[in-house]
Amino acid sequence: MAAKFSIKTTSSIFLVLGLTVILLFSLSCIAADPDPLQDFCVADLNSTIHINGFSCKPVSQVTSNDFFYSGLMIEPSTDNPDGAGVRRGDVNNFPGLNTLGLTVSRVDLAPGGIIALHVHPRASESNYVIKGEVLFGFISTTDVLYAKVMKPGELSIIPRGLVHFAANVGPHKAVLLAIFNSQNPGFANIPTNLFASYPTIPNDVLAKNFRVDEKIIAIIKSKFGNVQSS
């Protein structure tokens, strides 16, 4: 029985790794970032020169460690109001990704946890569920919601720049990989963009957008720690 479990577990791990590799190479073919002009350009995170990305570290200073990253092995904390934790495998944490048009992040969701409504302005996103049941959805520019509850082994695609979200709808913790075709996809969190910006968006503007009283807008802002009135 133990042998069968071991074989099944090992097979599942290799399946996840295999699909991830295939997905990475597929996304790199349609990367949102410019094509590289050299074999590699390991990011020099200490450089003060940023021209649509990071400067290259001198080749003489590049080591094997620049091309390997173990950060996704570390379980992120979900102890926050959203019940979500992210370990980002982007160029800021994995300099070897510079100019390669890829980001791979780990997302953990506690039971009932969510990734709030947001957009990635510079990348499409593919999600691979490793554990748990996760509701993924995105909204088109014609206000149509496309959504599905995903289970382990399933893959989704979120088109670039569209509003989307994720929610753990299962009884246990969920873990997934989020893969982007950009080394720096960007993350615009809509709730905080609207209700916790600085300077704050005037309450009357938000009230007219949401067709509610300004007092309601003030209450919502207070939930995000923004108590400024306007």
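Keep in mind that glycine also has a Cβ here, set from the backbone N, Cα and C atoms.
Feature annotations, reproduced from TrEMBL:
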type	residues	note
SIGNAL	1-31	signal peptide
DISULFID	C41-C56	disulfide bond
DOMAIN	70-218	domain 'Cupin type-1'
BINDING	H118, H120, E125, H164	Mn(2+) binding site
BINDING	H120, E125	oxalate binding site
Given the binding-site residues H118, H120, and counting only Cβ atoms in the protein chains shown, which has the most within 10 Å of its Cβ? H120
If I restrict to non-local contacts, at least six residues apart, and a C-beta distance under 8 angstroms, what lies near C41 (disulfide bond) in its own chain? F54, C56, K57, N98, T99
Just counting, how many other CB atoms are there within 10 A of the CB of C56 (disulfide bond)? 19
Taking the Cβ of H164 (Mn(2+) binding site) as centre, how many other Cβ atoms lie within 10 Å? 22
Tally the residues of the domain 'Cupin type-1' (70-218) by DSSP class, grouping H, G and I as helix, E and B as strand, and everything else as coil. 25 helix, 55 strand, 69 coil
